[in-house]
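Visitor: Sharing the record's features from TrEMBL:
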DISULFID  Cys70-Cys79  disulfide bond
DOMAIN    5-42  domain 'EGF-like'
DOMAIN    44-80  domain 'EGF-like'
DOMAIN    89-269  domain 'VWFA'
DOMAIN    284-463  domain 'VWFA'
Amino acid sequence: MKSIVDDQCLSHPCYNGGSCHDLIGSHRCNCTPGWDEATDCRTDKNECLATPCQNGGNCNDEWADFSCDCSKRFNGTTCEKDCRPGHADITFIVDTSSSQENDINRTVEFISKFVNKLPMGKNEYQFSVITYGFKAHLLFDFNDFSSKTDIKEALKQIHGNHSPTYTKLALSKAVEIAQSTTSGSRLSKASHHIILLYDGLSSDRYGAEEYVNSLNRLPVYRRTIRSIITVAVGSSIDYSEMINISNKPEYTFGLLHFDDVYNKILRDTSHRDCTDCTLHTDTDIIILQDINTNQNSAGYRSRQEAIRRVIEKVVRYNADAHIGLYSYTNNISQVFSLFWSNNTDKMVAAALQVDRKRNLTSNLSFALNQLRQKGFISSNGGRGSNRKIIVIVSDGKWLDFANIKREVTLLQQSHIEVVGVVAGQDCSYDNFVSVLFDPSHVYYVAENDFTSLESFAGMTSYYKCDNDIFIKRQ
């Protein structure tokens, strides 16, 4: 039987609130947090002895805690978050069918600029390119080139062909090479992304959309492709198909929104908790509605419904976006300002009550001039340096094309984007393209199909990443 005098805890050997456990001929102290059991809780425990800092971080012992000084590349309590974007395989799919013959150079320039801005290598980004029309052709895979110069030289081989647009074949080809180590794919050791540059006018639309749906139905762990980004380029654009292919508004872009595409890739290929890329949602939108009486009644109703859907889709997608509505003929009138944006029902009700006026013509250039000067000022609810967009809703039957183009140019120089919504059978798509300079700025609404407006809603939310992200995250 153990004697009381043998109890090693009688002398109260544990300090600073530690509890003693008697052992045979010895004792063990269970210390309160921060004290070291090796010294009977007399001294602070050195948490750095466990080497908690990862990826070369330096450990600082603190009272009951530790901190890590991470290298530039890593963040997190233990430097566990790799904040350098990369380790991604990107496949560009280029539509070279008949509808793209005049835009191939723009597409090639987009890809060249993209490749030039990203670091390239086995532990960085890898690139492949597929061209397609009637068939899908692998221009080069992830293994073929180790220098950007060689890639840009290979891109010069791309040219347009007189052919249909079989998008499903190109998408399945991209999935195939993402799953092939012989093509240089890093499989699960890298994320895989497709950037599809086309006009949304596939010859096999149903087949392409169903193929993408089959990919999205797979469990996440079985999905080879992390994202499909669609980029609008061509003489006419159908955003409704592009939305269905990309599956999300934030993955559908116009060709002129290069920075948005680039920053989205940076964000998607870095740790989700890193802060080098910030999401901007404070977009101000002014809808500019043509109300001259010369418009077809059915067409006018279609455009009113389109305005309603713009409001609803934008608010649903981005509650931080502010919307104002102005009507115009020869003059311009405010229906509601940007201050109303917290009340969707009120905005829709006001928009649907706007009726046509007896004026037979409209002066769009004057209306744009007035919005450039006053539309986004703070007294009208404007919010400073955020993204600003004017949405023109009209039948497009204008007379002063030169003046409209001049005002659109001045607005662009003032960092105000101008887009158009084409709705109603009496609407002139070509006139919108003419004054807005690029088809990607025009959102076509088919009868009772407002899907394309989801792509517009996606414009209101975008990432901005630090320009020196690859320098500071080395």
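Just so you know, glycine gets a Cβ as well, placed from its N, Cα and C.
All TrEMBL annotations are machine predictions without curation.
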Visitor: If we skip the immediate neighbours and take only residues 6+ beyond the ends of the domain 'EGF-like' (5-42), which ones have a Cβ under 8 Å from one of its Cβ atoms?
Guide: 63-65
Visitor: What residues, ordered by sequence, lie under 8 A Cβ-to-Cβ from Cys70 (disulfide bond) and sit at least six positions away in the same chain?
Guide: Cys53, Asn55, Gly57, Gly76, Cys79
Visitor: By a simple count, how many Cβ atoms lie within 10 Å of the Cβ of Cys79 (disulfide bond), its own Cβ left out?
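Guide: A count of 21.
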